[in-house]
Amino acid sequence: MDKTESFFRDTWAEVNLDAIRENVMNIKAGLPGKTAFMAVVKANGYGHGAFDIATDALQAGAEFLGVSMLDEAISLRRSGISAPILVMGLIRPRDITVAAKWDVAVTAFQEEWLAEAEAYLEKGGSRISCHVKLDSGMGRLGLRTPAEAKSFAKKIKGSANFTADGLYTHMATADELDTAYFDEQVKRADELVGAFEEAYGSEVGWKHCSNSATALRFSLEKYNLVRVGISMYGLAPSPEIKPVINQELKEAFSLHSKITHVKKVAAGEGISYGATYQTEEEEWIATVPIGYADGWIRKNQHGDVLVNGKRAPIVGRICMDQMMIRLEGPVDIGTTVTLIGENGGAFLPMDEVAARLETINYEIPCTITPRVPRCIIRDGKVAVVHNSVF
Ligand SMILES: *Cc1c(COP(=O)(O)O)cnc(C)c1O
């Protein structure tokens, strides 16, 4: 497919599914024997495109998909995905029939929630697969004490509809070098798992506590499933642990545009709103059609982009739909500008943009808005383009 037929602006993101498949296979290869892999594709696959990521992750060996909301799970089902899906956030009790209809596993941990959800179901009618959440120190969702875990286990055991197919927790500091808090969480998780299973009367099939950082750094014997998001997309969970993870990760997301205007500007001229940037000498200034409405927020204004394999600084304020860059000399209209990724043998990593914006790499592709078309690359070619504008 020619990507130019699918959108009519020269700004686009590329999502490289070949990188996704490589990352899934490499991460899987580094896991202990029978560990299963949940590809986390919440938030439209961290902004990459949930359906395409899910498809290729499953093809590369992922067994589960993880999302945060029921709506995201339904979207995958409607696209034809039949693999097991876990909703990791809490759904509303009344939506349990919807989860049943679409065969989606839910997260459970509140007794009142269980009773309320059960009231919407025909007794023994539908079997609801649930993964019970344990709060070992994240402080977000889950059962916090062994007594709570035991009590909930008995409630699930007595349920006509719910089955505990999984037990899981989430780590708060796995991306930090200091492992004291992490170690404490593992200890608590082990206790909570033990308490739950004792009261439940049998082992629970899936036990999981690893996000990317945990999966890449630690092997936790009792646990047989990992939930991998960020590193499947080719990114390190934090700059701090980047040097200690010996796993090659290939960034899947890149962001590009094309120059729409180039001009030589005299010294002492103002550029963009507020004229905050003043040319110091005669300068070559180019206009690039991307702005904060694309998620390319104003705070990027002192950063670099790549043009013909060379760095060029963003000058002046970033506008809603456009911005200006300074070049060493004239280039052709239509020359590609790379804001994230590879250009002419040079590479501008996602982590550089995250550092510039004083945030984590996770936030960057998530906040590039749907106005930016996503060109999905498979086997080195554009397989499909998602353009949400029309
Ligand atoms: C998002 C999420 C993950 C994935 O985390 P990464 O750091 O992206 O690997 C795993 N588990 C839960 C519960 C999550 O919400």
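Each Cβ is built from the backbone N, Cα and C atoms, and glycine gets one as well.
Note that TrEMBL annotation is computational and uncurated.
Here is what TrEMBL records for this protein:
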ACT_SITE  Lys42  active site, proton acceptor
MOD_RES   Lys42  N6-(pyridoxal phosphate)lysine
BINDING   Arg140, Met320  substrate binding site
DOMAIN    252-377  domain 'Alanine racemase C-terminal'
ACT_SITE  Tyr273  active site, proton acceptor
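Feature annotations (TrEMBL) mapped to structure.
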residue	record	DSSP (3 states)
Lys42	active site, proton acceptor	helix
Arg140	substrate binding site	coil
Tyr273	active site, proton acceptor	helix
Met320	substrate binding site	coil
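For the domain 'Alanine racemase C-terminal' (252-377), the DSSP counts in helix, strand and coil order read 23 helix, 51 strand, 52 coil. If you draw a 10 Å sphere around the CB of Arg140 (substrate binding site), it holds 10 other CB atoms from the protein chains shown.
For the active-site residues Lys42, Tyr273, counting C-beta atoms within 10 A of each C-beta gives the highest total at Lys42. Nearest in space to Lys42 (active site, proton acceptor), taking C-alpha to C-alpha distance over the recorded positions Arg140, Tyr273, Met320, is Arg140.
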